[in-house]
Amino acid sequence: MKRALALMGLAFLCVLRAGAAQQTVDDACSVQILVPGLKGDAGEKGDKGAPGRPGRVGPTGEKGDVGDKGQKGGVGRHGKIGPIGSKGEKGDSGDIGPPGPNGEPGIPCECSQLRKAIGEMDNQVTQLTAELKFIKNAVAGVRETEQKMYLLVKEEKRYLDAQLACQGRGGTLSMPKDEAANALLAAYITQAGLARVFIGINDLEREGAFVYADRSPMQTFSKWRSGEPNNAYDEEDCVELVASGGWNDVACHLTMHFLCEFDKEHV
């Protein structure tokens, strides 16, 4: 269409130029009007063109059906060893096993001689026990009850240092928890010629709440002197035993002798 319009314009221009120059149409311009022909036959199929650019991503399709279960895979590598579990509860005792075979016959016993030897050994043990008790009482200065042993340490120390000294010997500061033990300790320091010693009672953790050196609470027994404990000057958190058997709260930084206590099972 555009080509036809261009040819018609060219023909019109030639006519104008011819009129201006007063020349004949044949002399001025020779015009040929081209008319489009009929549509030709379809040509042969051309070669395959180059691949086009990728198109836009289409919309997400619907979720497909679940596929068939695959075959079991091979055994994988061993994983790392996990943490050790907590200890389980103790199991029930097993059934009693069958009796074992009888042993070989023993050597005939000469019982009369053995009984005599055992009797002599019992006498020696009794004698040695009495001698040991005498040595502990007379030489080492130890006092005993059925369950406890007490040692008077004639070294002046502050309360906490005295407690450490007793612990270093395998015991603790003495803790009289009944009248008998308290009377024994009072007689002990009287015989030693002392007026007072540290014992294992204090209220270091909470004022007025006296406990024993092993932190067990005091029960019903106590031997406080009249007007004690009074926490004079707000610094009396430790306890002394005087020769009369009474207790008095004193400052822990004072130095004095002290009594250690030991369990017989651990001596």
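Each residue, glycine too, has its Cβ placed from N, Cα and C.
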Open item on the list: For Cys260, what is the disulfide-bonded cysteine listed in Swiss-Prot, choosing from Cys109, Cys111, Cys166?
Closed with: Cys166
Open item on the list: Quick check: of Glu179, Glu207, Glu265, which does Swiss-Prot put in the same Ca(2+) 3 site as Asp234, Asp237?
Closed with: Glu207
Task: From Arg169, Arg196, Arg206, the one annotated by Swiss-Prot with Glu236, Glu240, Asn248, Asp249, Val250 for carbohydrate - done: Arg196
Open item on the list: If you look at how Swiss-Prot annotates this chain, which of 5-39, 110-144 comes out as coiled coil?
Closed with: 110-144
Open item on the list: Taking the Cβ of each of the disulfide-bonded residues and counting other Cβ atoms inside 10 Å, which one has the highest number: Cys166, Cys252?
Closed with: Cys166
Task: Cβ-based neighbourhood (8 Å from the centroid) of the Ca(2+) 2 site, residues Glu228, Asn230, Glu236, Asn248, Asp249 excluded - done: Trp224, Arg225, Gly227, Pro229, Asn231, Ala232, Val239, Trp247, Val250
TODO: Report, in whole Å, the straight Cα-to-Cα distance of Val250 (carbohydrate binding site) from Asp203 (Ca(2+) 1 binding site).
DONE: 11
Task: Under 8 Å by Cβ from Glu240 (carbohydrate binding site), counting only residues of that chain that are 6 or more apart - done: Arg196, Val197, Phe198, Ile199, Trp247, Asn248, Val250, Met256
